[in-house]
Every structure is written in structure tokens, then in C-alpha cells.
Amino acid sequence: MARFAALAALLLAVAVGGAAAQSVGSVITQSMYASMLPNRDNSLCPARGFYTYDAFIAAANTFPGFGTTGSTDDVKREVAAFFGQTSHETTGGTRGAADQFQWGYCFKEEINKATSPPYYGRGPIQLTGRSNYDLAGRAIGKDLVSNPDLVSTDAVVSFRTAMWFWMTAQGNKPSSHDVALRRWTPTAADNAAGRVPGYGVITNIINGGLECGMGRNDANVDRIGYYTRYCGMLGTATGGNLDCYTQRNFAS
């Protein structure tokens, strides 16, 4: 009877929470991580040796909703989107090359360090700007305003800042997490701006001011290419509305 009750409880948890009963590591295994990011430790990459699987899992464990929410397909789509966006942000790939979408996580900081120094882009999401360093630091319990280099020297901190950005709604922007899980409902202003549910809105959240509302562009193509590759590897559909070519950015 006790065993039956335990089994019934497990089935109920899966029915209610979908994939919430599993960890992100059950979808992004160590071998999958290595296959998705085959060049992250390439000698040509400045970030070689930095973005370890263990650091990713340790960071993910501090954000219980990341890569664990909804059905198994929801989880796969979210982590594919996360790695699609962050792979573009850290890419070492050559556009148009056969292996263009196999060079994610090659960089850990902005190459020229020119954007908002000393708060230039660092980590998987290329966290940028004093405000983001302040907010992310407060959220994860680190003083990133005084020590922004933590984002490019401590891999767990680096991943945690990316996950904080991913999980957090800011201003009129929804969280990328909610968009990936199809839990975001556009407002009237969003609809008027052409911002519709899909991967393209996540691009708009991350870098809409430079990439959205200006037609087809290489950055969007790169983000979509990575995402499409990862969805294929994980066995899930990309969904529609992958670009933000005709969307106005959230600041407009």
C-alpha cells in the first residue's frame, strides 16, 4: 500500500508539474552539453576552460524554475532558446561557414570592452551596463558593481547572471523564461508594435534596440540558426515567429 501511494504521488506530481519533477541536467546531460558546444574549449577561444558543465549545473540549481518548468517539451524548448541566445552572444563562428552554429561559448567578455566600461558585456548573456550589474548582483548576493570582473572570472557567477537576466521581467519587457514557455500574453502596446509570442521576442528583450524592426539581419539569422540546431538536437519544435525583423523594440 505504501509503495502504491508513493507511485500515485509521483504520477500526480508529473501530471501537475510536467517536467518539474526532473532537473535541467536530465535534459542537458554532460554529453549533450559537449555536443551542443563542441568548440567551447577550442584553443582559438578566449573562454576555453571557463564554461564548464559543472558550473552550468551549479548555477541552474540556484534558479529552480529554469529548465524544469512545464512539460518535457517545454523544458527542451526553453533550454534550446537559452543556449541559442547565449551561443550567439558568445559566438566565435564565422557567418556562412559550415560550422557557424558550433562555436557558442567561445568568448566570456566583450572583445573591445567599449560598451559602458567597466560594465561591458561579460558572461553567457553578455551582461552590460551598471544597472544590470547592480540588479544581477543583488539578486545573486554578489557585489558586481564593485567587482564586475567576477562575471568573467567565476563561471558559476557568470552563468547565474545569465539565468537571472533570463528569468527576470524588467520594465515593459516580459521574462525570456515566460516567453519560451509560451506563458506571455502581449499587451495592446505589444500587438501594435508587432511583438508576438515566439523566439523573436526573446531577441527583442536581449538586444532589440540594435537588431529589431530593421528587416532581415545577420545577428537575427545567427540567433535563429543556433536555436534551430539545438531544437533539432533536443528533439523539439522551434515554434513560429523566430525573428524580430518587423517588431519595434521595447524602448520605442
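Using N, Cα and C of the backbone, Cβ positions are placed for all residues, glycine too.
Automated prediction, rather than curation, is the source of TrEMBL annotations.
In TrEMBL, the cysteine linked to Cys212 by a disulfide bond, out of Cys106, Cys244, is Cys244.
Among the candidates Cys45, Cys231, the disulfide partner that TrEMBL records for Cys106 is Cys45. Cα-Cα distance from Cys212 (disulfide bond) to Cys45 (disulfide bond): 28 Å (rounded to the nearest whole number).
Looking at Cys106, Cys212, Cys244, the disulfide-bonded residues in this record, the fewest other C-beta atoms within 10 angstroms of the C-beta turn up around Cys106. Sequence-distant neighbours of the domain 'Glycoside hydrolase family 19 catalytic' (45-67) (same chain, 6+ residues past either end, Cβ-Cβ under 8 Å): 23-25, 27-28, 30, 33-34, 37, 39, 75, 78-79, 82, 90, 92, 103, 105-109, 124, 140, 155-160, 162-164, 166-167, 177. Per-site Cβ counts within 10 Å over the recorded positions Cys45, Glu89 peak at Glu89.
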